[in-house]
Amino acid sequence: MNIDPVALKIGLLEIRWYSLAYIIGILFAYWYVQKIDKYKVFTPESYKSIISWWVTGMILGGRIGYILFYNLNFYMSFPIEMFKLWKGGMSFHGASLGLFCTMYIFCKKYKIKFLSAIDLCLCAVPVGIFLGRIANFINGELYGKVTNTRFGMIFQNSGDFFYRHPSQLYEAFFEGLLLFVVMNLLFFFTKVKSYQGMLFTIFMIWYGIVRFFIEFVREPDVQVGYILFNWITMGQLLSFIMVILGICILRLSRMSHNI
């Protein structure tokens, strides 16, 4: 499989699929959150600046997370490389933490209920995850392990001609499309949204479990490899922590019904 990672080129300007995924995902979230915000969780004034807060949280968190979790030694040796975002290197877990922090500050600033805001936003986030994984697939990165199944594909970036799991597509479906359906079914057809933070915990647990198991068929990052027992990757460790935190918050939420 070999698809040009550049979606559009105008003179010296190159627009990559990965950049388009971010842009479309953010614009969709902005539109969708306003559409489903029937109880006016966000104020009209807050909507004017929310995109800048999202972008700041995702970029800072995603980049810092990647540096700390996946390639710290390299960036300590070549610190200027930290700022070369166009070369890639973002972490979902880092971006999630960055968004969590910026949204907390944002909600304090505009006097918005934090967990209600997070619940609302997470109804749209899976679409961004879906688009991001499709971009990973187009770029031929984050491919899976060698397989003999009929789902196998050849990724030129792997440096060999073995058939491999298209793990990006597995993630696009289970972490993206299916999670979007689940989150919105719960939001529209159950009383879950009445309990602040409940959708947040469901998102954390779902994503963490799915990511943990898909990592078994995904090739580990070459610069990190396995970090525990020769079969646990960094992505699995972070996802496991995500699940544990989600379960803990869920228990607190059920006890208090209002975090």
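Using the three backbone atoms N, Cα and C, a Cβ is placed for every residue, glycine included.
According to Swiss-Prot, the transmembrane segment annotation covers 10-30 (among others). Outside the transmembrane segment (10-30) by six or more residues, the chain places 47, 50-51, 54-55, 58, 88, 121, 124-125, 127-129, 131-132, 134-136, 138-139 with a CB less than 8 A from a CB of the stretch.
Positions annotated as transmembrane segment by Swiss-Prot: 50-70 (among others). If you look at the transmembrane segment (50-70), the same-chain residues 6 or more away from its ends with a CB under 8 A from one of its CBs are 22, 26, 29-30, 42, 82, 85, 89-103, 105-106, 221, 223-224, 234, 238.
According to Swiss-Prot, the transmembrane segment annotation covers 86-106 (among others).
Per Swiss-Prot, the feature transmembrane segment maps to 112-132 (among others).
The transmembrane segment annotation in Swiss-Prot covers 169-189 (among others). Within its own chain, the transmembrane segment (169-189) has Cβ neighbours under 8 Å at 36, 119, 122-123, 126-127, 129-131, 133-134, 136-137, 144, 199, 202-203, 206-207, 210-211, 214, 217, counting only residues six or more beyond its boundaries.
Residues annotated as transmembrane segment in Swiss-Prot: 197-217 (among others).
Feature annotation from Swiss-Prot assigns transmembrane segment to 227-247 (among others).
Packing against the transmembrane segment (227-247) from elsewhere in the chain are residues 69-70, 93, 96, 200-205, 207-209, 211-212, 215, 218, 220-221: each is 6 or more residues past its ends and has a CB under 8 Å from a CB in it.
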